[in-house]
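Engineer: First, the structure itself, so that you have it in front of you.
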Amino acid sequence: MNPYANTIITTSLIMGPLLTISSNHWILAWTGLEISTLAVIPLIAKQHHPRAIEAAIKYFLTQATASTLILFSSIINAWTLGQWSITQMSNNISCTILTTALAIKLGLAPFHFWLPEVLQGTTTTTALILTTWQKLAPLSLLMMTAQSMNTPLMLTLGLTSTIIGGWSGLNQTQLRKIMAFSSIAHLGWMITILTLSPKLTLLTFYTYIAMTSTMFLMIKLLETNKISVMMTSWTKLPTLNTMMMLTLMSLAGLPPLTGFMPKWLIIQELTKQHMLIIATMMALLSLLSLFFYLRISYYTTITLPPNSTNYLQQWRHKINQKHHLALMTTLSISLLPITPTLLTAI
């Protein structure tokens with residue numbers, strides 16, 4: 001890619017979400033979302049492959065639809081109240097349209113269909129950006145308008161996302177699609193607790209970013225895209241394979257790893273709000289995600305040659321030390337003991 005174009009895209013990618021987060025006016029927030037969307041499209045399409053072009057078109061159409069709905073929602077609200085402040089959303093129709101638009105932006109079920117397909121058509125690095133950094137702006141808008149949102153609607157979206165994210169990931173063989181459904185399931189947890197405790201949504205999002213980033217960086221380092229190829233990845237970096245298994249278990253929410261912390265706190269908060277049925281359903285639905293994380297772990301660390309599938313044995317090669325990966329892995333598996341400190345800091 002041209003260095004000048006690369007600089008413009010990178011700057012826009014950074015500045016778009018930051019503009020949305022720091023704004024209090026709907027037009028500025030909408031502008032930030034548009035800048036962010038337009039910066040990502042060249043990153044998706046730069047492979048010049050039919051699948052990449054298809055992914056870029058799908059991403060553009062869904063994000064353009066969501067942006068249109070956000071603008072429509074803010075105009076209705078401004079027409080009713082006479083002001084453009086993000087935090088002053090009191091019109092019910094406007095709030096419902098905004099919730100739908102942001103659900104499309106985030107890839108929440110039942111508006112999730114674009115996310116797995118787009119991730120499958122991109123590189124691992126672009127998939128990492130789409131599942132972490134690109135979620136920041138829509139989620140910040142949801143948090144700023146949380147007091148105006150309809151709690152039953154948010155609980156419905158959260159439960160649906162957790163069900164779809166867990167169920168649809170069961171029969172996947174492509175790692176990027178599995179991570180897409182993992183993202184949908186985690187967003188379900190965040191949206192479920194959003195109107196009840198925004199602080200827990202923020203904590204869940206931070207831990208989700210740490211764990212998902214670690215997983216994508218490991219996939220990129222191992223140069224694997226399918227579960228079947230994970231069988232021989234132990235020949236490259238045996239230690240990294242072990243760390244990958246721990247990161248996957250953390251994503252699943254098993255104690256005593258980092259991923260257990262947000263799920264434990266969310267179930268505790270739901271119980272305090274006397275939502276025992278929803279808390280029980282969320283805990284049971286997390287078992288669906290646990291299954292496909294265990295499936296990847298099994299292929300990565302337990303299934304060793306000889307096996308029924310014939311793949312070329314890969315040489316163990318010396319690679320550059322990735323210090324940032326070591327830090328990310330530590331964050332993604334060992335933050336549980338400092339939970340009280342994290343809750344105080346947020």
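Glycine residues also receive a Cβ, built from the backbone N, Cα and C atoms like all the rest.
Positions annotated as domain 'NADH:quinone oxidoreductase/Mrp antiporter transmembrane' by TrEMBL: 23-288. Residues annotated as domain 'NADH dehydrogenase subunit 2 C-terminal' in TrEMBL: 290-342. According to TrEMBL, the transmembrane segment annotation covers 57-79, 91-115, 152-171, 178-197, 203-222, 234-254, 274-294, 325-343.
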Engineer: Counting only pairs 6 or more apart in sequence, are there at least 3 Cβ pairs under 8 Å between the transmembrane segment (203-222) and the transmembrane segment (152-171)?
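Structural biologist: No, the stretches stay apart by this measure.
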Engineer: Are there three or more C-beta pairs under 8 angstroms joining the transmembrane segment (234-254) and the transmembrane segment (325-343), sequence spacing 6 or more?
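Structural biologist: These two stretches do touch.
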Engineer: Let me spell it out: take the transmembrane segment (152-171), skip the flanking residues so only those 6+ beyond its ends count, and list any with a Cβ under 8 Å from a Cβ in it.
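Structural biologist: Apart from its flanks, the transmembrane segment (152-171) reaches 96, 99, 103, 108-110, 112, 116, 177-178, 181-195, 275, 278, 281-282, 285-289, 291-292.
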